[in-house]
Amino acid sequence: MNTSIKSIKKQDLKDRIVFTLFLIVMSRLGTFLPIPGVDHDAFYQSIISNPLVNFLNVFSGGGFASIGVFALGIVPYINASIIVQLATNSIPSLEKLQKEEGELGRQKIVQLTRYVALVWALIQSIGVSFWVRPYVFNWDLNFVFAMSLTLTIGSMLIMWFSEQITEKGIGNGPSLLIFINIISGLPKLLQSQIQSTRLNIQALDIFVLVFIFSVMIIGIIFIQEGIKRIPIISARQLGKGQMDNKTSYLPLKLNQSGVMPIIFASAVLVLPAYLAQLVSNEQLRTVLHLFDGTSNNKLLYLLFYFTLILFFSYFYTSLILNPNDVSKNLKKMESSIYGVRPGKATTEYLQKTLNRLTFLGALFLAFIAIVPNIIETLTNLSVFKGLGGTSLLIIVGVQVDTSKQIQTYLISKNYETIVR
């Protein structure tokens, strides 16, 4: 019987992995389907050094540079998630929907996010259709309609892929798709960087960069795995007046929000670059470039990026972990934190602890994200510039999160086997 259950468990995991890989392959195939009617070679040559396109390419796996069917990628969905989550904290009716209506409320919030993503994708696709006008062979309103419809449908498909991966596959769908898009561009990135710097690069430069990135990877794994264990005592233990040898703990991660603050902050950072493409006022464009990293003075950009990561770390953590809910659950289980009174005192203790952990985790995320920019500014070393702290955080963070999800899935199935 146990052998049969184990084989079913392994087959279920294999099915999830195969399903995830299938959707990943489909998302990559759509990236290489070009929109007809565009002079893609001329377009690529004109935008190869555009920071806005470079950023969007990270999220679309190169689809934006070639104006593929999936050129918008997961960006509209991410932006929609930010908008809806901000609205949820600001609008009482949405906040009530999320906190008091359980799974039904969550489904309504998800549906609202989809609608906002659809509108956002439509707006972006119309903007792109006007942006590529100089490179279109026969530009007219029919082309605008066809291209906008194609890009919007492509973005909605990517959104559906990401949701299906999260629900029926392995890993977090949006993060995993961004991860695949980043690593798909690594070979080309490494080749171009080596070719552009092989005449100037020194052996010491390579050693320094490899050392820095190695330290960053170790640090990212440390921050992803860091946990503060809070001892919990049950009513039975409390009645005895002492803790048992087998102490229970409430684990709080140092970085509750994973790589999502980085993704959200990056999505916001693209707005100044996008607006700079649209405005004609030179002074306003100069001000916008101070926030998109293309200005020679990057201090304001780095401060803006740093602040966004801190904000989204607190914001996203507040969405996924509510100290008041944890306090209520402990009370229902007739348990309490050792040395802390149940109820309001427990909520305040958890909130204080969570704030400290989030601050430390956010500081580290922000530091890792801006380190490559600081090194480039101080040393003028730009080797592997495209693989910045943001990309590195996403690559390592998603790998760690996905492996942990697989382990959790296997453990949960083992518990099911024991119960049976």
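Every residue, even glycine, has its Cβ placed from backbone N, Cα and C.
According to Swiss-Prot, the transmembrane segment annotation covers 17-37, 58-78, 117-137, 141-161, 170-190, 203-223, 259-279, 300-320, 357-377, 378-398.
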Legend entry - Same-chain residue ranges lying at least 6 outside the transmembrane segment (300-320) that approach it to Cβ under 8 Å: 85-86, 88-89, 255-257, 260-262, 264-265, 268-269, 290-293, 354-355, 358-359, 361-363, 365-366, 369-370, 373-374
Legend entry - Which of 17-37, 141-161, 170-190, 259-279, 357-377 contacts the transmembrane segment (203-223) most, counting Cβ pairs under 8 Å: 357-377
Legend entry - Selected stretch (most C-beta pairs under 8 A with the transmembrane segment (141-161)) from 17-37, 259-279, 357-377: 17-37
